[in-house]
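Engineer: Reproduced below are the annotations present in Swiss-Prot:
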- Ser229: active site, acyl-ester intermediate (ACT_SITE)
- Glu347: active site, charge relay system (ACT_SITE)
- His460: active site, charge relay system (ACT_SITE)
- Cys97-Cys124: disulfide bond (DISULFID)
- Cys281-Cys292: disulfide bond (DISULFID)
- Asn105: N-linked glycosylation site (CARBOHYD)
- 568-571: motif 'Prevents secretion from ER' (MOTIF)
- 1-26: signal peptide (SIGNAL)
Amino acid sequence: MERAVRVESGVLVGVVCLLLACPATATGPEVAQPEVDTTLGRVRGRQVGVKGTDRLVNVFLGIPFAQPPLGPDRFSAPHPAQPWEGVRDASTAPPMCLQDVESMNSSRFVLNGKQQIFSVSEDCLVLNVYSPAEVPAGSGRPVMVWVHGGALITGAATSYDGSALAAYGDVVVVTVQYRLGVLGFFSTGDEHAPGNQGFLDVVAALRWVQENIAPFGGDLNCVTVFGGSAGGSIISGLVLSPVAAGLFHRAITQSGVITTPGIIDSHPWPLAQKIANTLACSSSSPAEMVQCLQQKEGEELVLSKKLKNTIYPLTVDGTVFPKSPKELLKEKPFHSVPFLMGVNNHEFSWLIPRGWGLLDTMEQMSREDMLAISTPVLTSLDVPPEMMPTVIDEYLGSNSDAQAKCQAFQEFMGDVFINVPTVSFSRYLRDSGSPVFFYEFQHRPSSFAKIKPAWVKADHGAEGAFVFGGPFLMDESSRLAFPEATEEEKQLSLTMMAQWTHFARTGDPNSKALPPWPQFNQAEQYLEINPVPRAGQKFREAWMQFWSETLPSKIQQWHQKQKNRKAQEDL
């Protein structure tokens, strides 16, 4: 179980050759401007190279999968895109969905301090396709559809260059844009604005894949959805939602699931009223509220300073999500597909605290600070106020110095927001009969030395550059480009691309040329992903037991004591 599994360079070369199933050189004709016919019209893309191989990739950017959600269609479910005449240029990056670019800019600290900022527009429901150049139409390569993260308020499809993953993994990669923030997730809780429109954008993109991916060389019967952070929340939501039935066949989440606190809400009306009041709209009538917000300029909705730190969650609406995710998981009416999911070993170390403005507070963290910051999330988890200090003290232990308190705070927040929800979700899937493969990514990218303190390990999002082949991307301005990667990191990226794409191809990340990856069964084995990977068992066992057994038991005992006390008082 604890046996180290070493991966030598020669094996990695074999991994790549095995996955490509063809010579490293491009076997098809080199076409500088490839063209493909879709059901809506013809598109013209461009070809790009990838470092380390002569294989070329056809890239098509900004293909519409839905009509622009403007005017009366703002806050509505997406409508199918309209056909076009002639050949549509798909060679340049499309605008991002409307968002606060300043917030988007902070995500450059995921890897190396770089971040491409594209123009923004409400007319943004497009996707990008990356396909190996020599793959003929109808050849049936696995399809991997990526949903970006960004707390459901920022992000762009083009920030994730799929060319290296397509070339080395011999897959067709699709990256999707969806409406964000108030435009993507505003809900009145009724028919006037049911909510989840950003989620439904992703569903519409998956329908486009079913209807159009074959001419790009993809297999519509072998579609893997994958996403990171909030994108992972959407992916896990697709597994639970009846509206996504039959649109995908495997799923991957990276540091995010829909049971993360705050990501979905059953009572959207109070937030709708807050938004309306802030923007000088009626806060009593849903119909008047929606009509007023539809008439506002998009920038006014997105850039309002009073709404700057507002989170816009998914909504339990009775249709897209018939019940809460936890209820759906318990009742098991969801799509049973192979699932690969995992976390990083330092999720709440630097990137998320920086985005939340907590870095300075963390340096001089006190018990009172920790309790104050954690109160909202503990409240959402139904922890009684009287018991919150008990939870905090469980993490603090006897530590008194600021550094130890900071570390305890990071562990607590990482567990609450990512680790515990991911493990819990894994267990539900496993118990339903779905094959599950769990990982913990543990490698600190060498590029962190430029932008993050030495104590930061595998921060939130650190795995992305390895999954997308960052060391091999030609465009070094790309968010995930990693030209300074060490040889060890290049090999790690090759391995992870091989594992992710083999899972997309077969539903299992294991092959003879790859490190053994145990299935997450009752023994709860998982893979510790490092340059020298090894199998682990019972991820953070003591803390998972605390949250799944010890704390619920203590809360139940507390409620019983309160009930008994009230009964005594009533005598």
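Easy rule for this one: first residue shown is 1, then count along the chain.
Glycine too: its Cβ is placed from the backbone N, Cα and C atoms.
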Engineer: Given the model, what does the mean pLDDT over the motif 'Prevents secretion from ER' (568-571) come out as?
Structural biologist: 79
Engineer: Can you tell me the CA-to-CA distance separating Cys97 (disulfide bond) and Ser229 (active site, acyl-ester intermediate), as a whole number of Å?
Structural biologist: 18
Engineer: Cα distance, Cys292 (disulfide bond) to His460 (active site, charge relay system), nearest Å?
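Structural biologist: Per the Cα atoms, His460 (active site, charge relay system) and Cys292 (disulfide bond) stand 38 Å apart.
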Engineer: Which one is it: of the recorded positions Ser229, Cys292, His460, which Cβ has the fewest other Cβ atoms within 10 Å in this structure?
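Structural biologist: Among the recorded positions Ser229, Cys292, His460, the lowest count of other Cβ atoms within 10 Å belongs to Cys292.
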Engineer: Using all protein chains in view, find how many other C-beta atoms are within 10 Å of the C-beta of Glu347 (active site, charge relay system).
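Structural biologist: Summing over all protein chains shown, Glu347 (active site, charge relay system) has 27 other Cβ atoms within 10 Å.
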Engineer: Give me the Cα-Cα distance between Cys281 (disulfide bond) and Ser229 (active site, acyl-ester intermediate), rounded to a whole Å.
Structural biologist: 32
Engineer: Sorry to bug you, but what's the C-alpha spacing from Ser229 (active site, acyl-ester intermediate) to Cys292 (disulfide bond), rounded to the closest Å?
Structural biologist: 32
Engineer: Give me the count of other Cβ atoms within 10 A of the Cβ belonging to Cys97 (disulfide bond).
Structural biologist: 29
Engineer: Quick one: among the disulfide-bonded residues Cys124, Cys281, which has the most Cβ atoms sitting within 10 Å of its own Cβ?
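Structural biologist: Its Cβ has the most other Cβ atoms within 10 Å: Cys124.
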Engineer: Can you break down the motif 'Prevents secretion from ER' (568-571) into helix, strand and coil residue counts using DSSP?
Structural biologist: 3 helix, 0 strand, 1 coil
Engineer: If H, G and I count as helix, E and B as strand, and all else as coil, what does DSSP give for Cys97 (disulfide bond)?
Structural biologist: strand
Engineer: Which whole-number value in Å describes the distance between the Cα atoms of Cys124 (disulfide bond) and Glu347 (active site, charge relay system)?
Structural biologist: 30
